[in-house]
């Protein structure tokens, strides 16, 4: 009995240690939320150190836990396939764009966030451990938003802060945790009926829309929140929906100038589709930019340093053409059609293979990601990828617990 208790204590302590290590590495990967007081050269190296740290940590677990049986899931294979697509595209970058394989590996530093998923799976981390990480970064990003708002226009944490659409925009690495945490607390509100949880979602909504002026964030937050509301077991769902609509109307009235600017810009883009820069960018990266048919399959690699690939994409930016603004088209440009297929399969796993009340907020989060797959880049946004990796792990954890429950039901 004592030995079993000792093992449980050791397991919990090991879990705490891994959570602390992951929080530290994620902070570095997010470049301390783009802390501006750090010299740019040092800030850029933080994410590279974190990426290498994640790989090293995974390898450590891989070779020190040989005896531990790790059940494989299709989701695991998809994560590995995406990493394989990255390696293939690095080869293509070397062949077609004279960007060395080593340069590409360094350039992939943000994408090593998906090793977070592999680490958490290999370390047999629990849902509670993942929740701790989500909540830590959720509240940290709310504090960062507040600091940035107070210190604007000299925001302390931002890669972009400016006046736009009748207000200010504050962008820093970490928005993914604001969104994921917001949906987490909204789902918790419907299950536990505690107003404070609704307050946290509203604050996330305010930060991600009113402090970014992002149309994609607005659509994603409304879609995700709507899904959680629709599938919740909330007794007064209709009353709450009416209240939510009234509150939204008040918010939109208060922010009338913002909404008018957002709507007018969107309408103008739809009415001038042929002249829309984003439409032209889609056409460019799907045709003229591609060296030949092979790069549609392999991708062109991710630009880094002063490579020819970086220079070509910099030239394209003069016309307002950015792969980062093009969702799956940008993903295809970087990593090829197979990477797009991998992500389509991931979305299929999320929406059709995961079940249960505890994955509702995860589906809301991935619906927000999916809403940017045409005109955004949340799937491969450095500020979203760490949160996405943890969300994928929670889906995996859900699959394990469902399997265990089914196994017990047959006993």
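Cβ atoms here come from the backbone N, Cα and C positions, even for glycine.
A quick note: this is a predicted structure, and the numbers were derived from the prediction, not measured.
Copied over from TrEMBL, here are the features:
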- 18-35: transmembrane segment (TRANSMEM)
- 41-61: transmembrane segment (TRANSMEM)
- 73-95: transmembrane segment (TRANSMEM)
- 101-121: transmembrane segment (TRANSMEM)
- 133-152: transmembrane segment (TRANSMEM)
- 167-186: transmembrane segment (TRANSMEM)
- 195-211: transmembrane segment (TRANSMEM)
- 217-232: transmembrane segment (TRANSMEM)
- 239-255: transmembrane segment (TRANSMEM)
- 331-352: transmembrane segment (TRANSMEM)
- 359-377: transmembrane segment (TRANSMEM)
**Message:** Are the transmembrane segment (41-61) and the transmembrane segment (195-211) close enough to be called in contact, which here means at least 3 C-beta pairs under 8 A that are separated by 6 or more residues?
**Reply:** no
**Asked** Cβ pairs under 8 Å with the transmembrane segment (359-377): which stretch of 18-35, 133-152, 167-186, 217-232 has the most?
**Response** 217-232
**Message:** With CB pairs under 8 Å as the measure, which of the listed stretches 73-95, 167-186, 331-352 comes out on top against the transmembrane segment (217-232)?
**Reply:** 167-186
**Item:** Same-chain residue ranges lying at least 6 outside the transmembrane segment (73-95) that approach it to Cβ under 8 Å
**Value:** 101, 104-105, 108, 111, 114, 117-118, 121, 294-295, 298-302, 307, 309, 334-336, 338-339, 342-343, 345-346, 349, 353, 392, 395-396, 399
**Asked** Near the transmembrane segment (18-35), which same-chain residues lie under 8 Å Cβ to Cβ, leaving out any that are not at least 6 residues past its ends?
**Response** 43-44, 46-47, 49-51, 53-54, 57, 109-110, 112-113, 116, 119-120, 123, 125, 129, 132-133, 136-137, 140-141, 144, 156-159, 172-174, 382-383, 386
